[in-house]
């Protein structure tokens, strides 16, 4: 994708381009970054600067999914845990890793700064992965295997492994900080930069999917078929490369202005009535004191988005469980792993993002006049609608699977492979990929734009927090429904034998909840989408 000229950007700024009223956020901040033409260090920002963040984000997703997606195999294999214990540990670690970005973003915006937070998180990431590689070397040693056979797994090595694992979880503050810092390189006050910033969120997701797809296709094979030391070592090297790439771009970055620096005070003096320094500082303090309360105004949108995250959680659980019962053969002698089906999500995103960014947005812009084609709230609503459709499709496919099991007399044979191709499940993953194109990018851009400049990392962390809460809520719903439907002589919806279970009922339930939330969402946010232009 061609990068926009920095000279054209500088020229546009110097010519006094008008600020679009449609870009004014819900929550105003008196502490905007100074994006005039260049910052105090002569850094131009724009795509040249943002490209370093795209590289770093792609490498980080390669690293994260190389660990998260295959973690249960390592726990049940070399670590020697039972399936139930391993599943509980994976869910706990994933939940922690999904919620840490909220804390990391708050620390970055309030104390450390995004730039320093990215560096610190990268170092923590690298240390955790290095320690994981070292623990894998110790676990693979003949001495460890001899100890395991005699007295069970060595407690000290397991503790070292889990400390290393949670060190990686603590590094997840990296995600919202580097994404917010990348978006900071564009000035949303100017039409051209506003379009570029919206495009950045699209390409951010595309690059992340490239990293995760590469991880699914290459890194998991190395871990399963070569050894885990290399399987953890390669992500460690990738994280080091990401940190180096980020530091190489240091001279091109735009840094948001901070409370108390000279440039911020100059901007405040220009904007406020004449006053002494003491009164200006009090105004800043007053604004800062109100920000936590103002951020609460975006929570209704965040809450309604939880229905999307709950549905999305099924892609890693029930969808995969369904896939294990189907015919997964490609050709006469090759069967794909059930987990590989999840690759269709990032593949769909990689294919659809360019179409959305280069075709859909220009066409929509002609009708709406909005620089981003449609507003972020409309984009989120479209993603939620696709998510509801996906649950309906999932329910219909599951009904077909149950009928196939019944027609073939395989209902009482839980481990039997049904004469039904895995391709029946592929549309569900494609629809989730399409949902992400609208909902994931829309949520991230919305929360970034609608919080004050000083809290934009926190705003982006709302998305990651929603994904974590969605996983917890999904587990809670499954647990409650399992107990409720298994009372007396009734069979649970979630029996181990899927041929007797009724997860199609669960999909219909999620679809029904999604429809109701969709109505509430449009009723409560429809006017906002047109009044403030988001």
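We count from 1, first residue shown onward.
Glycine residues also receive a Cβ, built from the backbone N, Cα and C atoms like all the rest.
According to TrEMBL, the feature transmembrane segment maps to 118-139 (among others).
According to TrEMBL, the feature transmembrane segment maps to 159-178 (among others). Below 8 angstroms of C-beta separation, residues 53, 56-57, 60, 67, 79, 93, 96-98, 100-101, 103-105, 107-108, 114, 117-118, 121-122, 124-125, 127-129, 131-132, 134-135, 138-139, 246, 457-461, 463-464 of the same chain, each at least six residues beyond the ends of the transmembrane segment (159-178), sit close to that stretch.
TrEMBL lists 199-222 (among others) with the feature transmembrane segment.
Marked as transmembrane segment by TrEMBL: 228-248 (among others).
According to TrEMBL, the feature transmembrane segment maps to 295-314 (among others). Sequence-remote contacts of a segment are chain residues at least 6 beyond its ends whose Cβ falls under 8 Å from one of its Cβ atoms, and for the transmembrane segment (295-314) they are 26-27, 377, 380, 383-384, 387-388, 390-391, 394, 432, 435, 439, 443, 446-447, 450-451, 455, 458-459, 462, 466-467, 469-471, 473-475, 477, 507, 510, 513-514, 517, 520-521, 524-525.
Residues 69, 202-203, 205-206, 208-210, 212-213, 216-217, 220, 315-316, 319-320, 323-324, 328, 422, 425-426, 429-430, 432-434, 436-437 of the same chain sit 6 or more residues outside the transmembrane segment (334-356) yet have a Cβ under 8 Å from a Cβ within it. The feature transmembrane segment is assigned by TrEMBL to 334-356 (among others).
Sequence annotations record features per position, and here TrEMBL assigns transmembrane segment to 377-397 (among others).
The transmembrane segment annotation in TrEMBL covers 462-484 (among others).
Residues or ranges marked as transmembrane segment by TrEMBL: 505-524 (among others).
Between the transmembrane segment (199-222) and the transmembrane segment (118-139) there are fewer than 3 Cβ pairs closer than 8 Å, counting only residues 6 or more apart in sequence, so the two stretches are not in contact. Long-range contacts of the transmembrane segment (228-248) within the same chain, counting only residues at least 6 positions beyond its ends with a Cβ under 8 Å from a Cβ of the stretch, are 52-53, 55-56, 59-60, 62-63, 66-67, 70, 74, 78, 118-119, 122-123, 125-126, 129-130, 132-133, 136-137, 139-140, 178, 219, 222.
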